[in-house]
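The following features are taken from Swiss-Prot:
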ACT_SITE  Glu200  active site, proton donor
BINDING   His12, His14, His197, Asp278  Zn(2+) binding site
BINDING   His14, Asp16  substrate binding site
SITE      His221  site 'Important for catalytic activity'
Amino acid sequence: MNYLQLPKIDLHCHLDGSVRPQTVIDLAKLQDVTIPSFNVDDIKALMVAPASCPNLDEYLTRFALPVSVMQTEAALERISFELFEDAAKENVKYLEVRFGPQLHQKMSLNFEQIIGSVVKGMRRAEAQYDIKGNYILSIIKVLPKDDINDVIDAGAKFLNNGVVAFDLAASEEPGFCHEYIPYAKYALEKGYRITIHAGEQGVGQNVYDAISLLGAERIGHGIHINSHQQAYELVKTEAVALETCPSSNVQTKAVESIESHPFGDFYRDGLLVTINTDNRTVSDTTMTKELQLAAEKFNLTEADYFAIYKMSVDNAFTSDEVKLSLLKFID
């Protein structure tokens, strides 16, 4: 397979984990933000997580630096544009980007300005490249809950016009879904689709809860359903798609090694699985790298890849018109 030339879909990609290191330097200079160095190699070293982190929390420390310069409308628009540009250049045809609007208020932007800026950057890239996209709004679980509905309300103005879904992100504690039932219900009432980070860090019950309590149609990661029979069966019977991110899962110790990643077993058992980057910069990856890794480690043929691509299309939070256009790339 020519991994670079194959059409690709990425349904799980974080904006703040996919910023170009040079852009952090450029924006720090423009905004007069203090950063540790203006050397691009130094900045990249601070943004890329080690190949093996002790845990997810250590991995998440890599986001503070890019977030520090993502506090203006111009910065958010630029970073959004550049992410879609980078993806388009490796034949990603559809990209769903998630980000937490709550993290971008240090310069007093309101949520509508924040969301509008990233959508504007995406639209600029769509006009320039052969790529389509949408945004997912991630609620950061370690932050106060008092403005969650404000995020949902602001995003609702862009629903099906750049914004499509609601997500819960950040470190994963057992039973977290119970605290977010009213917010997921509110998002559903507004018309959001639901995808939830769950089952990344060894808690299969969280996947069961995300589907049964929060209405999740897709699960971010979800790999630890392999140790929770009820969650596994629910994912299978309800046809819930798993957004797997192989490189990231190895880095965060969600799995010990790529060889022990359950992706291949899930695929061969008929689960809906997709291949995604998670964080292009923090994990120092691309969709091309992820596809090659998955193909080589899980013995995927080109026919397997096209089946997985089709699963990604079927489970994308986009219009039937866009889905039909994406399927034409594998006709």
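Just so it is clear, glycine is given a Cβ too, placed from its N, Cα and C backbone atoms.
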Same-chain residues six or more away whose CB lies under 8 A from the CB of Glu200 (active site, proton donor)?
Leu56, Glu172, Gly220, His221, Gly222, Ile223, His224, Asn249, Thr252, Ala254
Give me the non-local Cβ neighbours of His12 (Zn(2+) binding site): same chain, 6+ apart in sequence, Cβ-Cβ under 8 Å, ordered along the sequence.
Glu96, Arg98, Gly220, His221, Glu243, Cys245, Thr274, Asn276, Thr277, Asp278
Do you know offhand how many angstrom separate His197 (Zn(2+) binding site) and Asp16 (substrate binding site) by C-alpha?
16
Using all protein chains in view, find how many other C-beta atoms are within 10 Å of the C-beta of Asp278 (Zn(2+) binding site).
28
Secondary-structure category, per DSSP, in which His14 (Zn(2+) binding site) falls:
strand
